[in-house]
Amino acid sequence: MGGTAQKPLLSTGSFTGYHEESILELGSGYLSAESSRRQPLCGNREGWGPLSPYRYDFTPCFMDVWVAAVAAFGILGGAIAVWWLVKKKQSFLVARNWHFWTKQALIVAIALSVAVQAIIQVLNYPEVWAGDFRFWSSLLTIGSLGFIFAVQWLEHCRLRNPNGVVLFYWLFLLVAYSVKLRSLISQKVYHTHEAYFIAYSVGFGLSWIQFGLEWLVPKQKSEYHSLEDEDECPVEYATVFSILTFGWMTPMMRYGYKKFLTEDDLWNLAKRDTTKSTGETFQKSWDYEMERKHPSLWMAIFRSFSGPYFRGALFKIISDTSAFIQPQLLRLLITFVDSYRPGNPNPPQAVIKGAAIALGMATVSITQTIALHQYFQRAFETGMRIKTALTASIYSKSLKLSNEGRAAKSTGDIVNYMAVDTQRLQDLSQYGQQLWSAPYQIVLCMASLYQLVGWSMLAGVGVMILMIPVNGFIARFMKRLQKRQMKNKDSRTRLIAEIVNNMKSIKLYAWGSAFMQKLNYVRNDQELKTLRKIGAAQAVANFTWSTTPFLVSCSTFAVFVLTKKTPLTTEIVFPALTLFNMLTFPLAILPMVITAIIEASVAVGRLTSFFTAEELQPNAVQLMGAVEEHGEESLSIRDGTFSWDRHTDRTALQDINFSANKGELSCIVGRVGAGKSSFLQSLLGDLWKVKGKVVLHGTTAYVAQQAWVMNASVKENIIFGHRFDPDFYEKTIKACALTEDFAQLPDGDETEVGERGISLSGGQKARLTLARAVYARADIYLLDDCLSAVDQHVGRHLIDNVLGPNGLLNGRTRILATNSIPVLMEADFICLLREGKILERGTYSQLMAMKGEISNLIKTASSQDHSAEESSSSDSSTIISAGSDDREKGDEIEEAQEHLTQIQPIRPGGSGAKKRKGSKVALRRASSASFKGPRGKFRDEEENIKSKQGKEHSEQGKVKWNVYAEYAKTSNLFAVAMYGLMLIGGQTAQIAGSVWLKKWSEVNGKEGKNPEVGKYIGVYFAFGIGSAALVVVQTLILWIFCSIEASRKLHERMAFAIFRSPMSFFETTPAGRILNRFSSDIYRVDEVLARTFNMLFVNASRATFTLVVISTSTPAFIALIVPLSGVYYWVQRYYLRTSRELKRLDSVSRSPIYAHFQESLGGITTIRAYRQQLRFAMENEWRVDANLRAYFPSINANRWLAVRLEFLGSIIIFSAAGFAIVSVATGSGLSAGLVGLAMSYALQITQSLNWIVRQTVEVETNIVSVERVLEYARLPSEAPEVIHRHRPPISWPANGAVEFNNFSTKYREGLEPVLKNINLEIKAHEKIGVVGRTGAGKSSLTLALFRIIEPTEGNISIDSLNTSTIGLLDLRRRLAIIPQDAALFEGTIRDNLDPGHVHDDTELWSVLEHARLKDHVASMDGGLEAKIHEGGSNLSQGQRQLVSLARALLAPSNILVLDEATAAVDVETDALLQTTLRSPLFAKRTIITIAHRINTILDSDRIVVLDQGRVAEFGTPKKLMEDRQGLFFKLVKEAGLENSVK
């Protein structure tokens, strides 16, 4: 073709197709046909083309292939959709409104317009229309419209959303019609065939309206669906476009942006995602596997959940493939731009081709985005389902484990299965597809590279393979360091925990500085040292990481230039660079995937062994209906032999024959380990039945020996899943003697019992579990020693009101394992176990007559009773409580004593003769409550007390700028500035390298060969290595000078503030919260924050540089930056708020799952005994679902964001390409190299944009930790340690006279004063006793002396020096104290006596000798260096008390305060203490004793009696005893010691 033919071809290449050429030169138009056909099915002269030789356009026949393809899609898809709608979806009544009729009418109208076109075609192709493709494509279109009509008709009443086939049909039709319209314009059909053009345009316009109506206007809802819950997840009825773009998440994002998301705003789960349905699906598959010889968990998971996962794989293939189309398009674009170069021999290409390339790039990019995130979505959902299904299965399995199964798996193990192993499988499902996808990407990449540079690509691949072991080695090294770091972290956390828990002792002993030094040593010399190493390793890792792609490109280009004659031009360089960038990802991910697979297979192994562990024997116990009549047999064991572990020959119980009747109380007695508990558990079916038969009639209730209490309110613990019946509830509480206790608890029976019943005493827990059993109103009661944990008078009360013949349970069968004598007298039947066999049995009278073992037992016990009663401690838990009146107290003790020693006469007639008064009425069956979801809302551990403050932080959402400023300041501003410079330097060097490449390739292109190779490669290499080196320096600066410095200072400031906080802070703040600041918040400041800041800055600078590069190549792009960044900012703000809240809700709702699980594991026997497995499994399901309700939107929020940002990225790619094309076409002379450079950067920008937002979120989440640390660093502190102007003399207090002058104090603001106007004068060397009832203010007196609580008025002076005027350290060092609870720390004996290491060995040994500990310490391993465990657990209670005596002896003080231990120290230790205190050692000291037991202070010089914070009496014991009405006399009389004081 000559120049003349070229001209119309080019001028028709405009974007719209409009041009000025005459019609004659354009070849034959769309409506022309020839009778002689040159090609099959096409009567047009241009044939099948595909490109027309005359115009820059498709040929008319090929044009209609597109339209026909869309029509075929409509027919096939429509047919499938019709079948699916009719078969799978039920029809609802939906009013047909204007919207419906308009849509259907439009389809008819469009079909008519196509029919008109077909008629015009028939008229215009007179001979050939029947064999012409163009006519048939019109008919096909009409046919497809018919199918679409049918689908739209059906979907109206069967679907809540527009059908996907319909939406895609209209979309594709519009695309095809647009291309055809351009073609018609370029053929000037509007001149030649006006009627056809009008018909076509009308159809085209109506299609747009139809698409809009179908997609954007919401459908009429059916009556049924408009009643749906508003919490339903919109994904259920989202349109296909909304699903692809995650548009259905937008309402949640918008809501979360405006308001603070709470648990109630979350959507419900889709039915298929609920724990119930996933659990059932998995259980079916697993049961199927269990029938095989070697059940495989992999197969079960695969069978249950693989569907969506492999559909995800299809999306992954699409996304991977489209990623590799980009470099090919980039190559075409560069060629296109190059064709406009002035010296280029080839003619320039048409604009429409450039536009097609740019559109192609944008489309490919969007396709890739959509496909990738659909894949991710499916991977995450599958992971979520696998995890929930496994969690549910682990839970239900753990309720069925037999003893053998349980023995091998500790509670910790099982919780680990749930927390760790399921998580591993979830992680694998997120990575797993990379196992085939990464090699697939690598292969695609190699192929594309081969096509570009031939075999030179092998050089690059070689470099990559070499780098793999290097990276592996670094990773292993980092792992080692991380392990060491974990150890350091643990030891620091343990130390902090000890310090916080024993803060009172540390203050009393003035040991603050010693412990601060200890903490600093662990922190600075161990932890941060390792952290520095980690930082350095990180820097090296970054270096290898950032040099890899560069070395690869460098080596490839070098080999290419040296071995080939072809010039290395721009169209090779930039696509190759893009490909190399793509290669880094699959290479990096492969090792991770392999690790994940290994970890997952370990997890699968562990889970399989757990799921196949032995279960309870199903037929161990036969359950029958309840018996009606009194005296009927309600349970029996015939010839029972039972074993704990069926694989050994040892039996727990042998040849048991036993039966019990309705209305009887049977007692099982025996020594420890005789098998009493085993006996009860054999009735529950927990033991393996070797032989025999066990029958139970009716329901059971069980009270375990170790009370098992749930972490819920007291009331919920008693009701335990039954309906609430207030009258009977009251009765139960009275009978179980809980009324008083409820009065004392802070919220009565609504009080939350902490984990493992932490807020209740042992006796209270025992009675609580008994109340639970009573409330259950079961037929058979199995009680395991529920009397041993309660005091005797309470025991009496329980016998009378619950267990005995007149108790609440008198109409039930009761079996009690016990050693308590009083009960035996009430029992109908007694049975003695010895070594697993029944030795004696019978009624009380029979056994007493037999004079066998039981009668001996009872005789010896009753003789001890008298003595026991004398000393029975009066601080018991219930009936006698400190609050009740004292006279009552005395009466009650006496009453209880009478009862116990007198043997009650045995009532005649074992069974029927009993009067059953009221038992019928009181004990209707407890009906179970319907399950209404779990207990309580989830609470954030940070909330309870600080609810106000905790909320404030989050309400404002954004963290204040001054926190960032403070962090930068702490990090050292100079270092931060240096870091910034390095960062910019590194980025600049990187870009300079690419610019140099561009220059080099342009020179090569001009010359047509490769000149001066050495120079170009050398400079390129220098730039690359330079930028990598700057990256290393930047990482080092960041870690070693900024981050570690900052975290050292922050930790020091916080620790210092904690040590200086007044005691009231520790009393109002839970220890867990303080520890949280020191563990998780400090961890974030140490390790996470720096990394996220780094990523943020690196990506931000990358994105900025990219925009700069694009703008320099096409300045028009600058106009786009402002609106784009606006949109970006807006999307990011939306995401930030919602995502942060969702993450918080996710983590807050996760811990209750584990807590509930751990708790259930502790109470499995109880749960089974009450047959409540189902309720607990439901509760577990509910908790998991509650967590998923937060987790599901939080993963989708990430997808939502990514899709939005990648759309922005696609716009950037499109505009960069588009502007380049426009600028070239208008003759700006833009060079191909610059376009290549700009585009290769534009293709990477989406990743950076994505990362910026992610990291912003991370930074915001983690900077909160800095804020929280700073909050604690600014805590108000107590008085200064030393006041330099007022230091007491060295010898002070020489005499030790103490004076209280009108002294008052309270614990903290807003509380009542605990001491009021105290005036006392204690002379030197006096021995003073302080007595008073609980709460009179005795201990407050010692705290005031040490200024743990400061006076509100008055003062205390010692040796006439006002103690409020001197520093705390000076005061506390000069006083000695033996506190109530001896606080011992982990460490050596020396650390415990003298943490500051100021005394030498001889002093230490001498005090140990005086404290009577010398022999024990000498016998320990290492003497003074002997290890003491946490809390002093390897010393007895008494020895711990002696250690604190030794500490007091070390203190150089003339005043000793002795706060008597309430914990009953054993008698010998007590005697030792008392003798030591009365020895000459202490003769010269003033001793103030706070007495809890009167006998220890009867020989004091004077006695202070306190009452409600005031001094009631003060004088010598003798004088005080004379006042018969006085308080002191009363106290002495109560203790029965009147005779001792004479």
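Quick reminder: no glycine exception, Cβ is built from N, Cα and C everywhere.
Note that TrEMBL annotation is computational and uncurated.
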959-989, 1207-1237 - the one TrEMBL records as transmembrane segment: 1207-1237
Selection from 312-599, 635-860, 981-1261, the stretch that has most Cβ pairs under 8 A to the domain 'ABC transporter' (1298-1533): 312-599
What stretch in 166-185, 197-217, 539-560 has the biggest tally of Cβ pairs under 8 Å against the transmembrane segment (572-598)? 539-560
Top Cβ-contact partner of the transmembrane segment (459-478) among 135-154, 166-185, 197-217, 539-560, 1207-1237 (pairs under 8 Å): 539-560
Over the domain 'ABC transporter' (1298-1533), what is the model's mean pLDDT? 83
Stretch with greatest number of CB pairs under 8 Å, the transmembrane segment (197-217) reference, 135-154, 166-185, 1207-1237 candidates: 166-185
Close approaches to the transmembrane segment (166-185) from elsewhere in its chain (Cβ under 8 angstroms; 6 or more beyond its ends): 16-18, 30, 57-58, 60, 63-64, 66-67, 69-70, 73-74, 77-78, 81, 144, 148, 151-152, 155, 197, 200-201, 203-204, 207-208, 210-211, 214-215, 239-241
With Cβ-Cβ distances below 8 Å as the criterion, list the same-chain residues six or more beyond the ends of the transmembrane segment (1207-1237) that contact it, or say none. 245, 330, 333-338, 340-342, 351, 354-355, 357-359, 361-362, 365-366, 369, 570-571, 573-574, 994-995, 998-999, 1001-1002, 1005, 1109-1110, 1112-1114, 1116-1117, 1120, 1124, 1127-1128, 1131, 1243, 1245-1246, 1249
